[in-house]
Amino acid sequence: MAKVNVADQPGPKAAIRLHNQLYVQVLIAIALGVTVGYFWPGAGEALKPLGDAFIKLVKMVIAPLIFLTIVTGIAGMGELRSVGRVASRAFIYFLFFSTLALIIGLIVANVVQPGAGMNIDPASLDTKAVADYTSKAHDQTLIGFLLNVIPATFAGALAGGEILQVLFVAILFGISLALIGDQATPVLRVLESAAAAFFRLVAILMRTAPIGAFGAMAFTIGKYGLSSLANLASLLVTFYVTSALFIVVVLGAVSALNGFSIFRLISYLKAELLLVLGTSSSEAALPSLMQKMERAGCPKAVVGLVVPTGYSFNLDGTNIYMTLAALFIAQATGVDLSLGDQLLLLAVAMLSSKGAAGVTGAGFITLAATLSVVPSVPVAGMALILGIDRFMSECRSITNFIGNAVATVVVSRWEGRLDRDALASALSGPESALAAAPKEYDED
C-alpha cells in the first residue's frame, strides 16, 4: 500500500506536521525572542544562558564528530595522494574567494561611502569598550597561529575543542590508519560505530535548538536594542546588501557552473540557516552541515576536510565585513585612504583573517588586528561599530555558512566524487530537518 504524504494533504494534519518541523519551531522561537527582547529588555538579557547553554552543547560534540568523520574518511580513501589533492584544491578555492570577498568589500565601501559626512573626531570616542578586543588582536600573530595548530597532547586537541587542532591530529591519525592497511579494520569499525552514536546524539541535541535560538535572540535585542541600528543604518544596510549580492551573484555563479542551484541549496539548508540566524554562530550548525553535505552526495573525506577547514579559512562574510568596516571607520573619522593605503589594508587583512581563526568574536578581533598595523585608520574608530557588531555578526555567520556549503560541493565535483543523483535528490526534496543522519548511519 502506498504511503500518503500527510504534508500534501489539506486540513489540521498538515498544520500539525508543519509545526513539528524543527526549522518552523526555530523560526517561531526567533520571533518570540525578538518580541521579548524588545518589550522586556531586562528579561531578554536574563535569557542569555539559554543561548549560551545550547551553543556549549553543540560545541561539546563538534571536536569528536570532526575527528571521527575525518579519520574514517581518510582511512577509507585508500590512496593518500587523494588526501593531498583534496586539501590543495580546497586551499586554492579558499584563497581565491576569500581574497575576492575582501576586494568586494573595498570596492563597495569606495562606491557607496557609508561613513562619508559623519566627521567624527577619534579622540572623542570611548575606547574602553573595545580595549579587550584590541588586546586580543595584538596577541594574534602568524607564527603564534601556526604553533597553536599543534596541540600539547593528542587528547588535548579533543579536550580543548580547537577546530584546527582537531583537524591536525585527525589527519595524522587517519593517514596512520591508512598506512597500516588491514590492521586498521577493527579500529575503523569501532570509530564508525562511535560516529553513528555521535550523529544520533547531535540529532537529540538539535531538538533543543528552538530554546537556544529564543534565548540568544532575546538577549541580543534586549541588550543592544533596535534603536542602535538606526544610528548606523547606512553601514548595516550596505553590509547586508553586499553579502546578499555576494551569495546570489558570486556563489550563485559558482553553483551554476558546477551544476546546481544556490537557491535550492539555501532551501535545503534553511533549518541550519535559521539556527545560525538565531544564535549568531555558524558553529552551532556545523555538525548538521556535515551530515547534510554527506547526504547531498559529497564524500565523507571531502566533507571532513573542507567543512572544518573552511570554518577557519573560508570566511567570505567576515572578509567582506573587514574591508567594508575598515573603510567605513576611515570615512567616518575623515581619513582619506590612498590607493597604497587600501592595498596595504587588503594585504594585511588577507593574513589577519587567517590568524584569528577559531577565536571568540573573531570578526571584530580580526578587524582590530588589521587596523592595528594599518596606521592610517584609527583603531579607536572601532567604538563606532561595536553597538551594531552583534547584528552584523548574524550576516557574517550566514554568509560564511553558505560559502562553506558551496565550497564542499565544488571541491567534491573537482575530485570527481560528487554523487550527482544524491545531490539532485537532496536539493529537490522537501525534507529540511536539522541534523538528519547520513545514509550510512541510518537505522535499519
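Glycine is no exception: its Cβ is also placed from the backbone N, Cα and C atoms.
Annotation source TrEMBL lists transmembrane segment at 22-40 (among others). Only residues 6 or more beyond the boundaries of the transmembrane segment (22-40), in the same chain, are considered here, and those with a CB under 8 A from a CB of the stretch are 47, 206-207, 209-211, 213-223, 225-226, 270-271, 274-275, 277-278, 432-434.
TrEMBL lists 60-78 (among others) with the feature transmembrane segment.
The feature transmembrane segment is assigned by TrEMBL to 90-112 (among others). Tertiary neighbourhood of the transmembrane segment (90-112): same-chain residues 234, 238, 242, 246, 250, 254, 305-306, 309-310, 313-317, 319-324, 326-328, 331, 342, 345-346, 349-350, 353, 403, 407, 410-411, selected by CB-CB distance under 8 Å and a gap of 6+ residues from either end.
What TrEMBL records for 163-180 (among others) is transmembrane segment.
Residues or ranges marked as transmembrane segment by TrEMBL: 201-221 (among others).
Among the features that TrEMBL reports, transmembrane segment is placed at 233-260 (among others). Within its own chain, the transmembrane segment (233-260) is flanked in space by residues 97, 100-101, 104-105, 108-109, 112, 114-115, 266, 316-317, 320-321, 324-325, 328, 385, 388, 391-392, 395-396, 398-399, 402-403, 406, 409-410, 413, 420, 423-424, 427, which lie at least six positions past its ends and keep a Cβ under 8 Å from the stretch.
Feature annotation from TrEMBL assigns transmembrane segment to 320-339 (among others).
Annotation source TrEMBL lists transmembrane segment at 359-386 (among others).
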*Cβ under 8 Å to the transmembrane segment (201-221), counting only same-chain residues 6 or more beyond its ends: which ones?*
22, 25-26, 28-30, 32-34, 36-38, 41, 43-45, 47-55, 57-58, 61, 65, 274-275, 277-280, 284, 287-288, 291, 390-391, 434-437
